[in-house]
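**Q** Quick paste from Swiss-Prot:
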- 12-64: domain 'F-box' (DOMAIN)
- 161-188: repeat 'LRR 1' (REPEAT)
- 191-215: repeat 'LRR 2' (REPEAT)
- 216-237: repeat 'LRR 3' (REPEAT)
- 239-263: repeat 'LRR 4' (REPEAT)
- 287-312: repeat 'LRR 5' (REPEAT)
- 340-365: repeat 'LRR 6' (REPEAT)
Amino acid sequence: MDAKMFDTICSRDAISWLPDEVLGKILSLIPTKQAVSTSLLAKKWRTIFRLVDHLELDDSFSLQAVKDQTPGLRKHVRFVFTEDFKIFVDRTLALQCDYPIKNFSLKCHVSKYDERQKACVGRWISNVVGRGVFELDLRMKDPGIHFLPPHLVASKTLVKLTLGTQLCLGQLPSYVSLPSLKSLFIDTIVFYDIEDLCCVLLAGCPVLEELSVHHHDFIATPHTISSPTLKRLSVDYHCPDDVDSASHMSFDLPKLVYLEYSHCALGEYWQINLESLVEAKLDLGLERKVLRMDVTDLIIGIRNVQSLHLSPDSVHVIYSYCRHGLPVFKNLVNLSFGSKNKRGWRLLANLLKQSTKLETLIVKDLNGYTGDVSMPLNKVTSLHILGYRGTADEVKQLKSFIGEFECLELVQVDVAEAAEDNGKILQSKRDLMMLLGVSLPSKCQFKVT
């Protein structure tokens, strides 16, 4: 609903008969800038705006260019929020008085040297924290040191917090206490002390269950994640300039059940405590500055998983740099696997050997598979092939690959979108049904999607 339509409805008195609480909910569903504009219609709407419990403030409509005056560095232009944006935010918060708020989102560009702008941001955050905010999304771009207001790290009501992006935080207070926080998303944050994430921030979150740590093209990548309560973790690092042979990673997370980890392979994994892990998704790449990669301890640390997802890059890394061999995956029943070459299929054979309970195998592509890589005896009952393109070589590969599994009850082949026109897809399906249908056990279902 745009502002003009909303103003038209209001001017016709089409909804003013609704209860104020309902009108407040309606205003919460439209962009904050338009919701604020309704306060100009009549005194009644100024009162109703106080009931809006969801605010999204973004300075993208009001930026000004300033020159970076950092001594010794090449001068370049940065963008920061304008005085008009400051007035708009101050007015918006003032209109609401001290009414409770549930969700607050602030996206702004802060001047590196303007302490007045930094103070404004701190005041805005303290305002909504003082009103009992539940969910807080702060995306602040500040090339200088930015200190979080004390009220933020002592909130009793905050349940979900997002902090970013490319932000250098000043020293955190030692009294961080977020007793209700269950979800934390950190996007490219540099902490004043490298241990502040683990030893100060996470230590002050006694009921935290979900954590996402993303770090892209920036310095000071967090290398230790520890929490006695965490259940879900997503780590996405892409910082080639911040990695070398001394880089390491540590996960001390005894209650973690879900891990998504995207990073380059490192030389050391100091402490991997993931005893409760149920599902893991690994995307491990190569970095030339890491001279001796070894992912053995990481792979041993995830050995209790029931579901494992390996990207093609991860398969290559594990085959080449799990230097002390694969552990036994005693609980593994679901495996999603991608390979780029013959080495990857050899790793699959080793995984089948070490995973005697495996029932479901998802193969992302048959690229590189040859019949001379034989699979050990296994109990796989469900085989799912992704990315089938309908080539003659793939039919041969698929027929050979299926022959390695004697206990199959279901084979499903997904045709890739690249197998362009419908005629080709239909032909591929008919070919597969004819060529493979007769070679499958009678109890096995065969599907092409």
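Including glycine, each Cβ sits where the backbone N, Cα and C put it.
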**Q** From the DSSP assignment alone, can you count helix, strand and coil residues within the repeat 'LRR 5' (287-312)?
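**A** Each residue of the repeat 'LRR 5' (287-312) counted once, the result is 7 helix, 4 strand, 15 coil.
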**Q** With DSSP helix as H/G/I and strand as E/B, how many residues of the repeat 'LRR 6' (340-365) fall in helix, strand and coil?
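**A** Counts, helix then strand then coil: 13 helix, 4 strand, 9 coil.
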**Q** Summarise the model confidence on the repeat 'LRR 1' (161-188) as a single mean pLDDT, whole number.
**A** 93
**Q** Go through the chain and flag residues at least 6 beyond the ends of the repeat 'LRR 2' (191-215) whose CB is under 8 A from any CB in it; none is fine as an answer.
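**A** Here the qualifying positions are 145, 153, 164, 168-172, 174-185, 221-227, 229-239.
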